[in-house]
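Read through the structure below, which is laid out as structure tokens, and then see the notes.
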Amino acid sequence: MVSILAIRTFNPLGHFVSTQCVRAYAINSVRAGSKSSSVRAGSKNDTTRASSKKNKAGKSKLQLSARFKQNANKSQKADKFKSQKQFKYGLYGGLKENENKFLETNANLVEKITEFEELKLLPEVRKHVINLIKKDSLNTTEEIHPSPIQTIAIKRLSKNLMEPKLQVHAIAAETGSGKTMAYCAPLLDYLKRQEIETPEKWESIKDKAIIRSVILVPTLELVDQIYTTLTCIPDTLGIHVHKWTTGVDYQQLLENLKSRTDILITTPSKLLSLQRVRMISRADLILKRIEFVVLDEADTLLDKSWLEDTHKALKAMSDVNHLVLCSATIPNEFDRTMTKMFPNAIPLTTPRLHKLPKGINFRIINAAVSPYKGSKIKALAQTLYAIAYDGTDPGFEKRCIVFINEKKNVDNVVQKLRNEYGHDVVGLTGDMEGRTRLELIRPFISPPEKLTEQEKQIDKDLNDQETVNISGSNISIGNIENSNKASNFIPKLRVLVTTDLLARGLNFKGVRNVILYDVPITAIDLVHRAGRTARMRQSGRVFMIIDKKTQSWAKAVPTILKKNKALT
């Protein structure tokens, strides 16, 4: 007997998420007193048949039992394999396991497609995208190839790019993997194809005060970075890119709108503020004509503190054809929110999601041992000296980012590093005015500066001196006490002390060193902080300062990296 049970999963927004059929198989046992009850008792043949049936039934049960055991063993092996590939880091706020039915297909796609010429992009768009990537890269001599997430995203989005219906895609890939261009390339292609494939529509809108697409991000710094990325080379496509943030006055905004805005980069709250600008009549109609929307750092934009503004902004843009969610992490809470809001979203992920970048050299510094004796600030200062004198990046100034868990401690650390240890250091928190923040981070997001000839010689002399090991770690520095060369000189090292405000999405060009002054308490924080270095196949170092209170899951990070495990 076979019974079929149909199960429907229903979510609070009224969407049917999935329909499954679960088949339950029931094995009927043969009852005494059935058809065989008319057979004579004591018959030898009947006894033989009964014995045969009994043996067959016994074998059947044994075979069924064996199958169940095999399935159980397979399940146990799968769970064991999964546990070998995943590592539970942190106290709470875990990350979703990287599992979806497209992973294997995506991996094959990346292996098959290695050139931008193999992706469906208009020739002029392809050329422009390659030039944008080249301009944004530190190594301008190497040949430009699409990164795995760029291959996956461009390939999938181009499939039905111009269909006039809502399509939702969720891009998720490791930090520093080229996600910005993974969504910008299809966006640029979409805008140019509208001009070519629908000339009548294009003629009717090309001189109108409209916004054709929007990229929403959570911070001022990200608005500025994406705007710079898209405008860093001369415009060869005729695409008007504008930003709407605290650094743009209303008059400039109005001028931008009059000349047609093809791509507007802003935050959800600033986008909604268009409805309150008196000089803009019917802002609601402008928002309704937006057809392509990107939520970059979507896990932030859809968390509790941002969700209301983000939801209002999406609701105002009611005629969207493409919605792209982009993030370097998929926290469990974000995954639940995304499933409720966008049950039909197509995941576009890479196998390395939630893994630390391959190019990271992760080092532990124990502040509990001598000579620090429990002083984390001493361990931090000594580590900065080690970075300054280690002989890496010869001829260029070095940069280092120090991450702290709470903004109230930023100023204290900055003052001690500057006044007691003589480091060139600045601090940055969300309490600062927007323009001040942009000025402070500019040296860290720009390519590294070359040293002067005098600085190069001092740098070389210092790097030639003897080295001594730092206690409680696997790093060494120049033996400053025994050196007579430039004893009061610290090689050019810029240090930025900040919180998670700058751990999201920012491309710190040439930053090879990150120090985790406080141990990140969640896997999300660790992935984003460590991901400020070793971006786009570059190398980098992360130093984590620990003490007696540090949990074993934090101390295990170097092993996690070595074993290529994903964080959960």
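Any Cβ shown, glycine's included, is placed from N, Cα and C.
Looking up the ranges 296-299, 320-323, 360-363, 536-539 in Swiss-Prot, the one annotated as motif 'DEAD box' turns out to be 296-299. Within 8 Å of the centroid of the Cβ atoms of Ala173, Glu174, Thr175, Gly176, Ser177, Gly178, Lys179, Thr180, where the record puts ATP, the same chain has further Cβ atoms from Ser147, Ile149, Ala182, Ala328, Arg535, Met536. Non-local neighbourhood of Thr180 (ATP binding site): Ile226, Thr229, Asp296, each in the same chain, at least six residues away, with C-beta under 8 Å from its C-beta. Other C-beta atoms found within 10 angstroms of the C-beta of Lys179 (ATP binding site) number 25, with every protein chain shown included. Taking a C-beta cut-off of under 8 angstroms and a sequence separation of 6 or more, Gly178 (ATP binding site) has the following same-chain neighbours: Ile133, Pro146, Ser147, Ile149, Gln150, Met536.
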